[in-house]
């Protein structure tokens, strides 16, 4: 059995070692994290307490908010703390945990977004059969499969990445532990297995992306036939934000297909923000900003009139 590692901790290089930049980074990340935390917790509370929102679309939205909380909580708090105390180290087990939780959350979220696109397709293109196709047991099964898929992907990649040897540099040129940067500093000569796993994962994620695009092509074709301008506006307001979130997550393709280097690259860190921090922050906003039901439920929650039935 190969020696797992000689390195006992990693150094997360982040965006900059400049003191002023570290303070700016910590403040910016803290604001983003608090926005994501507040928005997603509100979505979970509203969709749980308001019985009018106990429908498939809001059931999936609640699951998405849980995944978003996991996704941003894996990276942001540690990065903020490191910048504030000027200590960029992370333990080996901490790094393992970050890789596992990040991959499980992101992979599950992409599959869940695929399921949500099918939900919108069914609601708009086959409204008469919607209640039969998207019954509660089916929704629970599809959400469960998304979570299990994320866990399976995370187990494979985490095991593959940390079965490699790390006996040289322990400097990870990223603000969290991510696989491309870890592979760049590994001293193992045979990286074929992990690279193959990455390619398989990228192909699976790309398939999800293609399914989402095809689904929304059908949705938009159907929406154009709706005679009511209000109906068209409502359909677009639901579907377009969904596509925006998918595009943010799809930047992960660039991060994992781009050849990693041991030399620092600000581009890697910027790209990673797009798929680890922006989706959790923008999801609550874009899914509720033009959603009348969410606005009404939020108003009732503020007034203390929202109760679960």
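A Cβ is built for glycine as well, from the same backbone N, Cα and C atoms used for every other residue.
Range with Swiss-Prot annotation transmembrane segment, chosen from 77-97, 98-118, is 98-118. Placement of residue 17 and residue 266 with respect to the membrane, taken from Swiss-Prot, is on a common side. At the 8 Å Cβ cutoff, the transmembrane segment (53-73) and the transmembrane segment (195-215) share fewer than 3 close pairs (sequence separation 6 or more) and do not count as touching. Cβ neighbours of residue 187 (disulfide bond) (same chain, under 8 Å, six or more residues apart in sequence): 165, 166, 167, 168. The distance from the Cα of residue 95 (disulfide bond) to the Cα of residue 87 (N-linked glycosylation site) comes to 15 Å. In the three-state DSSP reading, residue 95 (disulfide bond) counts as helix. Among the recorded stretches 24-44, 98-118, 132-152, the one sharing the largest number of Cβ pairs closer than 8 Å with the transmembrane segment (195-215) is 98-118. Note on the topological domain 'Extracellular' (74-97): its mean pLDDT in the predicted model is 91.
Other Cβ atoms within 10 Å of the Cβ of residue 87 (N-linked glycosylation site), summed over all protein chains shown, number 11.
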